[in-house]
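Colleague: Below is a structure I'd like to ask you about.
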Number of protein chains: 2
Amino acid sequence: MVLHYPNGRKYQGNTNVKKEEKKLNKQNSYSNRGMTLEEDLNETNLYYRTHNIAVIHKKPIPIQIVNVDYPSRSAAVIKEAYFRQASTTDYNGVWNGKYIDFEAKETRSNSSFPLSNFHEHQIEHMKSVVQQGGITFVILRFATTDEIFLLEGKILFFYWERMMNGGRKSIKKDEIIQNGHQIPYGLHPRIDYIKKIQELNLL
Amino acid sequence: MVLHYPNGRKYQGNTNVKKEEKKLNKQNSYSNRGMTLEEDLNETNLYYRTHNIAVIHKKPIPIQIVNVDYPSRSAAVIKEAYFRQASTTDYNGVWNGKYIDFEAKETRSNSSFPLSNFHEHQIEHMKSVVQQGGITFVILRFATTDEIFLLEGKILFFYWERMMNGGRKSIKKDEIIQNGHQIPYGLHPRIDYIKKIQELNLL
């Protein structure tokens with residue numbers, strides 16, 4: 001029996017179903033197990049681009065280049081460089097005329113999502129995006145249970161402020177379940193966050 | 001005597017005025033001479049962000065990291081990496097709810113702008129952005145005369161197609177003057193492209 005949400009969407013949240021899916025995926029060349037969240041999102045964004053659904057890219061890793069070697073007749077080689085802290089989020093682009101901006105993080109914790117995954121700069125950036133009328137959110141993955149949630153910027157800001165005011169340094173999983181939106185894994189695309197945004201009618 | 005455009009904007013296009021400005025700037029700590037186009041745009045984007053006008057960043061340079069050293073007690077050092085070709089444009093962000101996406105290039109030529117400054121991937125990316133309802137353009141600088149033009153994506157596509165169909169491999173400066181929009185240098189911000197977009201009422 002296939003259960004459907006009132007909106008006609010297939011019910012996919014059941015743990016047994018997920019376990020079955022996992023088993024299937026192990027035997028399946030389409031498997032996304034073993035994939036990182038980043039790989040899943042890159043595949044999703046590629047799907048969006050090739051199907052003209054959205055144009056969203058992961059930004060390159062910010063690097064401070066110190067020393068570059070220019071061997072004759074071959075490509076320049078960076079010999080010394082350092083990772084810099086990102087001042088923005090990792091993903092951005094355009095969907096349906098709207099600006100999309102998000103960060104994706106995962107945790108091994110089962111009970112909460114540590115806010116140390118985000119930096120002050122990123123939160124400030126996301127607030128500026130909201131101010132300019134963009135859509136911003138985070139995609140959170142609980143790695144041990146392989147659950148994905150979309151949490152709107154304004155909700156993240158709430159928990160960030162709570163921490164800044166001396167409150168807990170993480171968001172409880174219960175709070176994420178209550179105030180976030182689970183995104184079921186799919187095959188193509190793997191993490192259909194645009195569909196979720198559409199359903200939520202953000203903005 | 002200060003001339004004004006009908007919209008109240010100070011007239012800044014006159015060559016003699018520009019020469020005077022250059023002279024002044026040489027003695028002036030606010031000088032932007034000697035600044036690269038990238039620095040001018042970074043300063044402009046910083047101005048936009050601090051004044052809540054727009055949230056636009058330059059993307060980090062795309063790098064292929066091959067070898068990273070992790071010395072104990074100190075930061076990871078990238079020991080071998082290579083520059084990759086960008087598959088998108090360098091700048092993007094949000095202004096007034098709208099997605100902004102552009103590339104900036106300069107030439108030493110006085111008569112034309114070589115299309116070799118752009119890659120097929122970037123043109124394809126910009127076309128996809130237009131399809132999704134985003135605003136895309138290029139900022140072109142003629143270095144020897146220090147003139148800046150904004151050229152809308154659709155105009156760039158036209159000249160790109162002309163080249164792909166066997167036509168000239170550059171855009172004549174006359175064509176840029178006729179179909180593009182000059183942006184006068186300012187002090188704060190230095191290259192006020194958002195004002196130009198507003199005037200043009202793109203989208």
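Using the three backbone atoms N, Cα and C, a Cβ is placed for every residue, glycine included.
So TrEMBL has the following annotated:
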BINDING   A:Thr88, A:Asp90, A:Glu103, A:Gln122  Mg(2+) binding site
REGION    A:1-24  region 'Disordered'
SITE      A:Lys105  site 'Transition state stabilizer'
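Looking at the shown structure, can you explain where the listed features end up?
Modeller: Classification of A:Gln122 (Mg(2+) binding site) by DSSP places it within a helix. Taking a C-beta cut-off of under 8 Å and a sequence gap of six or more, A:Gln122 (Mg(2+) binding site) has these contacts in its own chain: A:Ala86, A:Ser87, A:Thr88, A:Thr89, A:Glu103.
Long-range Cβ contacts of A:Lys105 (site 'Transition state stabilizer') within its own chain (separation 6+, distance under 8 Å): A:Leu37, A:Phe113, A:Asn117, A:Phe118, A:Val138, A:Ile139, A:Leu140, A:Arg141.
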Colleague: My list of binding-site residues is A:Thr88, A:Asp90, A:Gln122; which of them have a Cβ under 8 Å from any chain B Cβ, in sequence order?
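Modeller: Qualifying residues, whose Cβ lies under 8 Å from chain B: A:Thr88.
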Colleague: Counting only residues 6+ apart in the same chain, whose Cβ is under 8 Å from the Cβ of A:Asp90 (Mg(2+) binding site)?
Modeller: A:Lys58, A:Lys59, A:Phe102, A:Glu103, A:Ala104
Colleague: Helix, strand or coil: which one is A:Asp90 (Mg(2+) binding site) in, per DSSP?
Modeller: coil
